[in-house]
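These notes are about the structure you will find just below.
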Amino acid sequence: MGGPRTSIFLRQKKFQFVLVAAVVVFLIVLFPNLYDSEDYEKEYPLLLENEQLVICYESNVDSRKALYAATTLSDVTDEPSTTQRNHRQQAPQQQPQQVNGTEPVIYFVTPTYPRREQIAEIIRLGQTLMHVPRLHWIVADDTNSCSEVLNSHIRKFGIPYTQLASPMPTMYRGRKNAPRGVANRRAALNWIRQNQKKTGVLYFGDDDNTFDLKLFSEIRYTKKVSMFPVGLIGDYGISSPIVRNGRVEGFFDSWPAKRKWPVDMAGFAVSLEYLALSPNATMPFKAGYEEDEFLKSIGLKLEDIEPKARNCTEILVWHTQTKSSKSPTVRISMDRQKLDKLNLGALLRRLESMGVNHISESEGTTAQAIVNGSVKPFSFWFS
Ligand code: UGA
Ligand code: MN
């Protein structure tokens with residue numbers, strides 16, 4: 001009895017093996033890129049199946065303290081200090097931007113991802129954007145699920161916004177040269193299309209860059225595509241169009257890499273009227289070539305480009321990068337609830353919810369307190 005059964009079993013095993021091998025060969029033939037990592041020149045799929053648009057939270061209400069409205073110099077009643085007076089004589093104080101609600105809206109697309117610096121970056125960027133009228137902030141988070149912690153920070157700025165969950169496809173995650181922020185920007189493009197936004201201007205503003213407020217008034221009236229220098233890029237410390245007689249004629253960038261449009265993501269803005277002419281325009285998952293391929297996909301021509309920032313002589317955006325480091329584990333070997341008798345309970349819970357650190361009872365750097373210049377164990381507070 002055992003004999004035939006075993007041989008059927010073996011035959012089944014053999015069949016399974018052949019089947020698995022055939023599937024593997026088939027996959028390799030179909031998707032050779034799966035097995036070639038870290039190659040700048042490789043093409044990655046432009047279209048993804050099942051690309052979903054996950055809208056987490058949205059608000060169209062602008063409830064910012066109107067920093068840019070109403071206040072005029074006459075409202076300032078305090079006697080100006082000497083320095084202010086001198087300053088005013090040299091250059092009249094800039095009038096706040098007047099807004100009447102008809103200006104093109106800037107769709108400011110920010111890819112972001114969970115790491116310990118995320119909330120700090122979002123606070124800094126959000127406080128910049130609080131000064132910009134007629135702006136819709138699309139925050140696209142590289143996560144599968146909607147982050148409530150992220151939302152609690154975004155919404156407090158009072159800026160009209162949309163928070164998306166737009167994870168990087170798993171096939172790219174973990175690669176040394178993963179295409180960062182691409183799933184996020186593609187999701188934002190989908191949101192713009194699905195919501196029929198056909199007027200206004202699109203700008204890709206990463207969460208770690210530094211934006212001069214003047215950038216926004218420069219890009220707001222972009223006709224087709226505007227371009228401008230980005231500071232702190234590559235071996236030249238700058239990436240910029242080269243302008244002659246008010247026209248863009250070339251590019252100054254230390255990484256040509258055979259790119260037709262060797263610009264940084266932060267170095268251009270696109271009007272939505274112009275974008276709508278290319279309904280299939282998209283950004284490929286191709287690290288290093290996202291800008292180039294996106295600009296090719298909208299059919300950009302050199303004569304379509306408007307140089308901004310005083311003919312590309314000013315730097316209005318900086319490619320700052322935040323040093324990232326691992327979340328430390330802090331060892332507190334006592335009942336966490338006891339910490340609620342101090343500020344530390346709430347403080348540490350908040351930091352943990354942001355991913356800034358972890359508290360453990362058994363591992364990590366042992367937490368201590370300093371009292372009157374001497375180090376005490378935590379138990380000191382509860383003895
Ligand atoms: C540079 C360019 O400035 C980016 O616009 C470009 O997407 C990126 O290179 C690239 O080609 O991969 P860099 O400062 O090197 O950016 O990259 P990050 O700032 O780390 O990432 C760019 C954006 O993607 C950021 O807004 C970041 O929050 C987001 N990101 C990064 C993710 O959404 N997921 C990640 O895993 C990493
Ligand atoms: Mn960056």
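Heads up, residue numbers simply count up from 1 along the chain you see.
Every residue gets a Cβ built from N, Cα and C, even glycine.
Note that the structure is predicted; figures quoted are calculated from it, not measured.
Record features, source TrEMBL:
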type     : residues : note
ACT_SITE : Glu291   : active site, proton donor/acceptor
BINDING  : Asp208   : Mn(2+) binding site
COMPBIAS : 75-84    : compositional bias 'Polar residues'
COMPBIAS : 89-98    : compositional bias 'Low complexity'
CARBOHYD : Asn311   : N-linked glycosylation site
REGION   : 75-98    : region 'Disordered'
TRANSMEM : 15-35    : transmembrane segment
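According to DSSP, Asn311 (N-linked glycosylation site) sits within a helical segment.
For the pair Glu291 (active site, proton donor/acceptor) and Asp208 (Mn(2+) binding site), the C-alpha distance works out to 17 angstrom.
Proximity of the recorded positions (Asp208, Glu291, Asn311) to ligand 2: a Cβ under 6 Å from the molecule is found for Asp208.
With a 10 A radius on its CB, the residue listed as 'active site, proton donor/acceptor' counts 20 other CB atoms from all the protein chains. Taking a Cβ distance under 6 Å to any atom of ligand 1 as the criterion, the recorded positions Asp208, Glu291, Asn311 reduce to Asp208. Working note on the recorded positions Asp208, Asn311: by count of other C-beta atoms within 10 Å of each C-beta, Asp208 ranks first.
Cα to Cα, Asn311 (N-linked glycosylation site) and the residue listed as 'Mn(2+) binding site' are separated by 25 Å. In three-state terms derived from DSSP, Asp208 (Mn(2+) binding site) belongs to neither a helical nor a strand segment and is classed as coil.
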